[in-house]
Amino acid sequence: SVFGLVQMSVIVAFGVVVLSCVLYILTFVSISNFNCAATRSCFNFVCNLFVTEFLLHCIYFSWDLICENEYKGPLTSSIHFFGVLVGTFLSGQMSDRYGRRPVLFAMMTMQTVTILIQMFSPSWEIFTAIYFVGFSGFSNYVVAYVLVFGSLGIFMGSGIGQMFFPLAAYFIRSWRWLVLTNALTVFVVLFCFSCTRFIPESPRWLLSQGRIAEAEAILRRAAKQNKLTTPEVIFTASEVTLPYEGEKEKKHNILDILRNSVFPFRMVITMSYYALILNTTNLHGNLYLNFFPSAVVEIPAFIIAMLLLRYCSRRFCQSSTLLMGGAMIFIIQLIPKVVFGFLATLLEMLGKFGVTAAFCVVYAVTSELFPTVVRNMAMGTCSMTARIGSIVSPFVIYLGNYYKYIPFIVIGSLAVFSGSITLLLPESKGKVLSETIDCSNVTGWCV
């Protein structure tokens, strides 16, 4: 059962709370839609008279990130995503070697501590340095997904969580208190789930390590909690001895993945996804009202992604969602100025719907292409390559200061191009998931 009690506990913890916290912090902490109302030139003096419709005390106001310092706004997000790149690589390596559960809670502890320190940042440099170290927020998300492998419900949990945070940001107008709210939510989840057995170790990982009895005990307990029955013998003799013979003594590393992978197209999906989130502040209308439908579309996008994955080939799933999202975004530049506001917002929401569905699909495809013994390492490595797209995304939006249609042209054209190229991906639907490197039939794509 995909949505049993065990899986739902992970969905709630790491979808609703952890990831959505990171996303709303990125959006609401660095509002760029403001101007200085002082009568003097903005160079060589500190502006202390800001005008903005959001009445939000953000990092731009705290450290005067305007005029010649305006580039520091998107640079802050890019540095954070660079930290995510490092974190996803490290978490993938560690969780495949030491297990999903201990790495998961270690990353959550690190995330809580760094967020609390970040609240008291006296300068932009220190804030950004801590933001880099806060890579653990996305790292535990990658580990959590592998922990409940096959359940894309964690994406729906993320959408539900994002719908609540505009409300929090509406009442909490200081970025420091928003950061504290983030830390408290992560701490509550860490405390509650570390004191319970709702989040066990991955049975697949235990099986790959030859710890058969522990894997069976976890599956039986999960089945009982989900009100399911288990057979008397869960793992057959061939599953226990054949797939892992010689593997448990062999230590795998990143070369096992790089041998079987080529250029990572996933960075285009990631760049588009986060650029559209960060662009919410530039849409016509109220920031809080715009952010809410931007979060709402993630739920139907998840449902559509699940239906496509169930009934369609992986190539069609990935290609159709990317083409749809890219086309909607690209069309925005063609809208007449008379009706640009509302129609542009509507098309961007439709574009985010397609890109979010593609984001869900690409996680499933990645998981199916790599064997169990290196699956989490592969997820981390592929997520690491995707971070190149997220690092670039803030500056894609920043280019809109020079010509407002540039972000839509870049995102739309790259998404449509990638949607066409993904038709060349190897098909994994209906194939038995490999458990070891020797059994893997990966033909060379990192998505």
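Note: Cβ is positioned from N, Cα and C throughout, glycine not excepted.
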Per TrEMBL record, range annotated transmembrane segment [choices 75-91, 92-108, 211-227, 381-397]:
75-91
Select from 43-63, 253-273 the stretch of residues annotated by TrEMBL as transmembrane segment.
43-63
Answer yes if the transmembrane segment (321-343) and the transmembrane segment (75-91) have at least three CB pairs under 8 Å among residue pairs 6 or more apart in sequence, and no otherwise.
no
